[in-house]
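What TrEMBL annotates here:
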| type | residues | note |
| --- | --- | --- |
| DOMAIN | 108-412 | domain 'Acyltransferase 3' |
| REGION | 434-457 | region 'Disordered' |
| TRANSMEM | 115-134 | transmembrane segment |
| TRANSMEM | 178-196 | transmembrane segment |
| TRANSMEM | 208-226 | transmembrane segment |
| TRANSMEM | 258-276 | transmembrane segment |
| TRANSMEM | 288-312 | transmembrane segment |
| TRANSMEM | 364-384 | transmembrane segment |
| TRANSMEM | 396-420 | transmembrane segment |
Amino acid sequence: NVSADPRNYRHDRLRHGICVPTKCTTVANINANITSQEMPIRKKVETCYNEKFKSLELKGKVSDVVCNTIESKYIVDKYDIIIGWLLSFHFFCILEQRKNISIKYMALAFVNRYIRLTPALAVMLAIESTWIVHMGKGPQWDALVAEEYRNCKENWWTNILYINNYVGKKTMCLHQTWYIAADTQLFIFGMILLMIMSRFHHGKIKTVFAITVILGILIQGSIAFVENYDIVVRQYPEALYNMNVLKSDIWHDLYSSGHSNITGYMIGLWAGYLFYKYKDTQLCINKVYVTLWWILTFGLCIFVVLIAGIMYKPNYKYTRMESALYWALGKNLFALGIAIGIFGFTQRVGWFARRICEWKAVQVLGRLTYSTYIIHVTLIRIRAGLTRYPLFINDYLMASTALGDILLSYLGGTILCLMVEMPVSALQKMMLPPQSTTNKTDVPSEKPLKKQKRIWQ
């Protein structure tokens, strides 16, 4: 039948969240500590509710009992390519000046990054594990908000150490921070790799990049093949009902883990190296190269998305090999398209796309992105947890809800950025030695470069 299909919502389950004292007044007074009375309460509520719906020949079963009283029972996973690009470019620029990068210098680079990211994250962890759970109540509040509160009380330390995508991953606090953990792990991996490559000749550097990219592709493809994972992560209604993506093995193994994002990061490192190599060279690009740039930049990204849409169809039958190939190449082709796009921007290719990226307003939003990113899921959970009736989905509701979430997220992100992120960043610059480069590492400007070489003529 329809409800037995995992692609569909379980219409055979009529989920009702009820306030017992107002809906079932015959039920005995409920003690704030419900643990000892939970089974009697379940039976009494079932009897009460079944009596109310007896005329409709419906019977219910209490699946969960949550105490929401005044005396609360609560104790008071594409930036990979950009981060890799910047790390690689600045590393080779510094290597050009110093000729040798010490372990101490690399450790200081990690400390700078850790101080840059952690304070804002720590504030959100503190809010999630204390205040948020007391900000409302409703039928879904426990599943959507209080569950996050319990996860943060238990696993906050894994976020601070940036290992939450491996340790306690199925009870992860602030599940959107999987990306920060994966990016930090890849940052350490990238620094070690670049430090090793700094001892090589430039010809061998390309070989190391190629080997690492192939290794990352093989890791993703092998996992998908051995575990026989679905070719895409399917967002079915039941999986989204309680936002329980944390229970999905495929999401942890092929999306949120550090090892599943190696290739994208390596593409970023490779692109940063090329940018460093040609930083004083103005490529002579004709219309053929510009056309090819547009095709590769947008064509690769759109192709990956559209082919996934075909694979998402209910009647599509995939094999292990197809799943392995798509997981190994899909998002990495997307990353390659982004890398080609950014490299074109540095060579003043891109017309309106480049102008949008250089627009001052976009730069302001970019400055707020980190704080907005770590706060936005909390606001979505609060909105969903406060909902007390079913919603009839349509395009207008989806658009207005998305725009409202974006606006509130950026508003909250602005407050977090101004009160925590920017002050800490200013203190960091005052207390720690800067890791700056000289003027000859500057990005090519809009003005003609007098001393630049020209190639591809």
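Count begins at 1; order follows the chain as displayed.
Even glycines carry a Cβ here, placed using N, Cα and C.
Confidence for the domain 'Acyltransferase 3' (108-412), expressed as mean pLDDT, is 88.
Distant neighbours of the transmembrane segment (115-134): 72, 74, 76, 145-146, 148-149, 152-153, 156, 159-160, 173-174, 177, 180, 184, 370-371, 374-375, 378, 382, 416-417, 420-421, 424-425, 428, 432; these residues of the same chain sit at least 6 beyond its ends, with a Cβ under 8 Å from one of its Cβ atoms. Put simply, of 178-196, 258-276, 288-312, 364-384, 396-420, the stretch with the most CB pairs closer than 8 A to the transmembrane segment (208-226) is 258-276.
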